[in-house]
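According to TrEMBL, the feature Zn(2+) binding site maps to HIS100, HIS102, GLU106, HIS145. Sequence annotations record features per position, and here TrEMBL assigns N-linked glycosylation site to ASN134.
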Amino acid sequence: MLAFAAFVAGITVGTQYGVHTSALVDGARRRFLGPAFATCADIWQGYPLSPVYQVEDLELGKHPIPGLQHVTLHGFRQHGMRGFEVLQQTLAPGVATPVHEHNCQEVFLVLSGQATAAIRGKDGKVVESQIRTNSTFNILPNARHQLVNTGREDLTFIAIIDNLPLRPTFFKSFDDTSAGQTISPMLWDQQCPSAVPDSLRNFVTAPAASDASTEL
Ligand SMILES: *[C@@H]1O[C@H](CO)[C@@H](O)[C@H](O)[C@H]1NC(C)=O
């Protein structure tokens with residue numbers, strides 16, 4: 001009974017925060033992972049659940065690689081995503097991601113451009129595949145990989161990752177046997193947006209169901 005009351009209280013508080021967040025889950029996560037892992041709930045306060053916003057309005061996320069643009073579409077920290085996170089990244093021509101690995105699955109969908117995807121299999125062999133618009137593939141946990149934009153256009157893709165927050169480890173090469181350099185959590189999961197996206201400011205709230213019913 002007490003658990004149920006706490007659950008309902010959590011939903012009520014969560015609704016006040018507006019978007020994707022329940023104070024109960026946030027509190028549990030903060031206790032488990034520390035204050036750095038709280039969501040950016042304050043930013044979204046007063047906005048409706050699951051708002052629609054435009055990708056072009058979103059702020060760029062931090063990433064250590066020059067020539068790589070990162071946008072968190074639905075993030076662990078920024079939007080309180082649980083289970084998985086959705087990112088969009090753009091690599092300028094000639095730009096490569098570091099050789100890296102992470103303890104999570106990653107699904108890719110290429111929106112535009114051409115590149116080489118190098119992925120190391122369980123047998124230790126690195127397989128290189130040419131990828132282009134509409135190519136889709138997934139990376140298994142801890143499979144070392146790298147994308148290299150070999151084309152003349154930007155490479156833009158969407159990536160979905162699980163086992164949040166992302167803690168990537170970067171290596172000098174596929175043969176690098178060092179422990180590598182881990183960023184935990186990844187830089188974009190350490191940020192909150194500085195403001196709500198413009199497209200969300202213009203969001204028009206529909207009349208509540210109870211208001212509508214009085215007109216019937
Ligand atoms: C990508 O896939 C969509 C949907 O199947 C298709 O309409 C489009 O022509 C494809 N684009 C390219 C460049 O192949």
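A Cβ is built for glycine as well, from the same backbone N, Cα and C atoms used for every other residue.
Recorded features from TrEMBL, shown on the structure.
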| residue | record | Cβ within 10 Å |
| --- | --- | --- |
| HIS100 | Zn(2+) binding site | 18 |
| HIS102 | Zn(2+) binding site | 23 |
| GLU106 | Zn(2+) binding site | 21 |
| ASN134 | N-linked glycosylation site | 9 |
| HIS145 | Zn(2+) binding site | 22 |
Inset, instruction - Work out how many Å separate HIS100 (Zn(2+) binding site) and ASN134 (N-linked glycosylation site) at their Cα atoms, rounded off. - result: 23
Inset, instruction - Consider only the recorded positions HIS102, GLU106, ASN134: which of them have a Cβ under 6 Å from an atom of ligand 1? Write none if no residue does. - result: ASN134
Inset, instruction - Compare the Cα of ASN134 (N-linked glycosylation site) against each of the binding-site residues HIS102, GLU106, HIS145 and report the nearest. - result: GLU106
Inset, instruction - Would you list, in sequence order, the residues of this chain other than HIS100, HIS102, GLU106, HIS145 that have their CB within 8 A of the centroid of the site's CB atoms, where the site is the one recorded for Zn(2+)? - result: GLU101, CYS104, ILE139, ALA143, ARG144, PRO168
Inset, instruction - In three-state terms from DSSP, label HIS102 (Zn(2+) binding site) for me. - result: coil
